[in-house]
Structure formats: structure tokens, C-alpha cells
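K.L.:
I am attaching a structure below and will ask some questions about it afterwards.
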């Protein structure tokens with residue numbers, strides 16, 4: 001299969017500063033119990049669809065991976081948020097921990113119930129599946145039920161907890177600039193609603209479908225019934241006039257859930273229509289300056305151009321708003337959360353707030369002293385470990401140095417021994433030659449070696 005072509009020439013590339021300002025996330029599972037849960041695995045995959053495109057969509061966890069392994073990689077990869085799904089071995093409760101890297105804090109929620117995306121599609125009449133174009137931009141974040149101002153009957157601690165949660169949710173997606181953001185690029189919405197009475201937080205993920213509305217819904221049903229025989233015609237025997245059918249809003253109760261509601265119809269100004277009207281007005285204002293007779297025009301050559309007047313800008317050109325209907329289709333997953341605690345750091349630090357456990361000031365001071373003693377002991381052990389490592393390294397380096405010196409000494413001794421052996425071999429060869437030629441008599445007749453004539 002051929003690889004799909006990507007736009008490179010006209011696509012706007014982000015600068016390194018802009019890429020650094022975009023928040024990125026990782027959605028992972030931590031713990032042996034959570035890795036063995038198949039439904040939780042599918043929930044993690046569905047939650048990654050929400051966080052697209054700035055998330056690790058194809059991340060695979062191993063049983064040997066620990067939380068520290070992911071935290072270490074957050075810095076080089078530029079990850080700003082960690083979403084950790086865990087499951088307790090004793091109770092089996094599923095928890096969602098949202099941590100801000102690298103300093104924290106970490107907000108822990110208990111997942112009361114959740115529904116997967118495939119379960120939601122079974123109950124929808126017209127389910128929607130996401131394409132690659134639908135996840136090119138992050139979803140629109142909508143927060144409802146959260147208040148950062150102090151109300152009557154609320155403590156300062158509750159207000160601070162609310163501020164931490166709101167700031168945590170607001171920073172998981174890049175901020176929108178109304179002047180630069182195109183409305184057509186926003187195709188998804190992530191809704192987070194808090195119930196003020198129970199304190200439960202519900203998460204929903206929807207797809208935004210915008211359709212143009214030119215006629216009323218009742219007339220559209222009549223047009224569809226004309227072209228499609230399977231569509232049922234509304235019962236008109238109780239209607240006196242056709243206007244009663246058009247103006248009757250109670251007829252909408254008999255339509256399906258997937259159709260667009262009248263309350264969702266808004267008026268939107270489209271810039272493309274303004275540009276089109278402006279171009280049409282310019283064309284209509286263009287008139288020839290020189291009017292010649294037909295005989296003179298026939299004599300002119302084809303190379304001559306007819307001079308045109310400069311068009312005047314139309315003062316009465318105003319954009320006409322169009323009616324557009326907004327329809328939301330749920331994609332999933334659904335989550336219902338309950339706040340448990342807020343702690344410093346990434347899953348290891350001082351507990352700033354706990355929803356179910358309340359400590360007195362004396363208990364808090366005792367815990368702080370115990371924590372300080374643990375930190376001092378940890379630093380002491382760390383220093384001892386570093387000193388031991390340095391000692392072992394020094395011993396190892398000294399051993400290597402002695403080994404190199406022995407090798408050099410052996411090489412030098414081997415060179416001297418080889419020189420002595422060569423001298424002894426030369427003496428032996430010279431003595432053997434003298435002994436061989438010494439047995440030849442001196443008065444040997446020289447005619448034996450004379451040349452033959």
C-alpha cells in the first residue's frame with residue numbers, strides 16, 4: 001500500500017519556542033494488577049484518543065517498567081503531564097492520578113465508574129468514528145461547576161483545592177487564541193462537569209458537527225419524504241393550515257435523537273461569503289472607458305487591451321450571517337471521578353489535602369518531623385553510597401594501572417631476552433663456519449678449480 005502524501009510546502013511549521021509551549025502528555029498504566037486488566041487497557045487507549053495529537057498514542061508499557069522510568073523520560077521528550085491509571089490489589093478500585101512534571105503536584109481521583117468508547121457506540125443510532133483529520137488539533141475544553149471564588153459556607157482550603165484542580169485541567173491543552181484559531185479546526189470538545197452537591201466529576205468526549213440550516217426542520221422532513229419513500233409523512237389531519245405544521249414546534253418530539261435541535265441553531269458570519277461578494281461587486285463595477293464603434297473594434301488587433309476603470313470599494317458591503325446548527329455526538333469514554341487527595345511532587349511527597357482523612361495540627365507536625373528525619377537519613381545514605389562508589393572506583397583504577405605497568409615490564413624484558421638470543425645465534429654460526437672450512441688442506445691443487453679451455 002502506498003504511503004499517504006503529507007503537505008510540506010504550504011503547511012505552517014511551528015517554531016521551537018511554540019513547540020516548547022505546547023503541553024504534552026503520557027497516558028500510562030502502573031502496577032501489575034492494572035496491566036492484567038483488559039478493560040482498563042482499552043480505557044487507556046480511549047483516553048489517549050482524547051489527548052491527541054500531543055500525546056504518546058502508541059506507547060506500550062512493560063511489566064518491568066516502573067513509574068521512575070516514565071518520569072525520567074518526561075524531560076527529554078518535553079512531557080508536561082502524566083495520566084496514570086492504577087488498580088488496587090486488595091479492593092480492585094481503579095484510580096486516576098494526574099501529575100504535573102517535573103515538580104508536581106499530583107491529584108488523585110477514584111474512578112467510580114467508566115464506559116468505553118465501544119460501549120457508547122452500541123447505544124447510539126448514528127455513531128461517529130474519528131479520522132486522522134479529526135485529531136489534528138486538540139479538543140475544546142469546557143469546565144462546568146468549578147468556582148475559584150469563595151462562596152458562603154466554604155473554607156479557604158476548599159477554594160485552594162478548587163484552584164489547583166482547575167489549573168491542572170486548564171493546562172493539559174494549549175490555550176486558544178480567538179484571533180488566530182479557525183472555527184473549522186475545532187472538531188471535538190472535552191467536557192468536565194462537577195456536581196456541587198456530591199462533588200463528583202464527570203468527563204465526556206464529543207464530536208462537533210456543524211451543518212448549515214436554510215429551512216425549518218419540518219419543511220426538511222417534507223422534502224425528504226418526497227425524495228425518499230421510506231420516510232414517513234407527518235400526520236396532517238388535525239392541521240387546518242400548512243402554517244400550523246411549519247410553526248408547530250411540538251412535532252420535533254417525534255424525531256430521532258441524532259437530528260439537530262432547534263436550540264442549537266446559531267448565526268455565524270462566514271468570511272468566505274464576504275470575500276465572494278466582494279469579488280462579485282468588483283466584477284460588476286468594471287466598465288470600459290473607451291466606447292468605440294463596431295467597425296473600429298474590428299480593425300483593432302487582438303493584442304490591444306481594453307482599458308478598465310479602477311473599481312471603487314463598495315461601501316454597503318456587509319457580511320450576511322448564516323444559520324448553522326451545532327450537533328454533538330458522543331465519542332467516549334465516560335468517566336465519573338471522585339477527588340481523593342493532592343500531594344506534592346510526583347506520587348511521592350507531602351499530602352496537601354485529603355478528602356477522607358483529616359489530621360490535627362499536632363499530627364501534621366509529627367508527620368513533618370518524621371518526614372524530615374527520613375529525608376536526612378536518605379541524604380546520609382546517599383552520601384555514604386557515593387563515597388563507597390568513589391572508593392571502589394579508585395581501587396579499580398589503581399588495579400588497572402598496576403596491570404598496565406606489569407605488561408610494560410614484561411614487554412621490556414621480552415625485548416632484552418630476544419637481543420641476547422640473536423647475539424648468541426650469530427656467534428654459533430660463525431664458529432660452525434670456521435670449523436667446516438678448517439678441515440680443507442691449504443696445499444690443495446689450484447688446477448682443480450681452473451677453467452676448462
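Just so you know, glycine gets a Cβ as well, placed from its N, Cα and C.
Annotation source Swiss-Prot lists compositional bias 'Basic residues' at 1-11, 399-409. If you look up Swiss-Prot, you'll see 1-22, 275-324, 374-453 marked as region 'Disordered'. Swiss-Prot lists 26-348 with the feature domain 'Brix', giving sequence analysis as the kind of evidence. Residues annotated as compositional bias 'Basic and acidic residues' in Swiss-Prot: 288-300, 374-398, 410-423. The phosphothreonine annotation in Swiss-Prot covers 301 and rests on a large-scale study or a structure entry. Marked as compositional bias 'Acidic residues' by Swiss-Prot: 442-453.
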K.L.:
Who are the chain neighbours of the compositional bias 'Basic residues' (399-409) in space, where the CB to CB distance is under 8 Å and they lie at least 6 residues beyond its ends?
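P.N.:
Beyond its ends, the compositional bias 'Basic residues' (399-409) has no Cβ neighbours under 8 Å.
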K.L.:
Across the whole of the domain 'Brix' (26-348), what does the mean pLDDT come to? Round it, please.
P.N.:
78
K.L.:
Could you break down the residues of the compositional bias 'Basic and acidic residues' (374-398) into DSSP helix, strand and coil, giving a count for each?
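P.N.:
Computed counts for the compositional bias 'Basic and acidic residues' (374-398) are 25 helix, 0 strand, 0 coil.
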K.L.:
Per DSSP, what is the residue tally for the compositional bias 'Basic residues' (399-409) in helix, strand and coil?
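P.N.:
Each residue of the compositional bias 'Basic residues' (399-409) counted once, the result is 11 helix, 0 strand, 0 coil.
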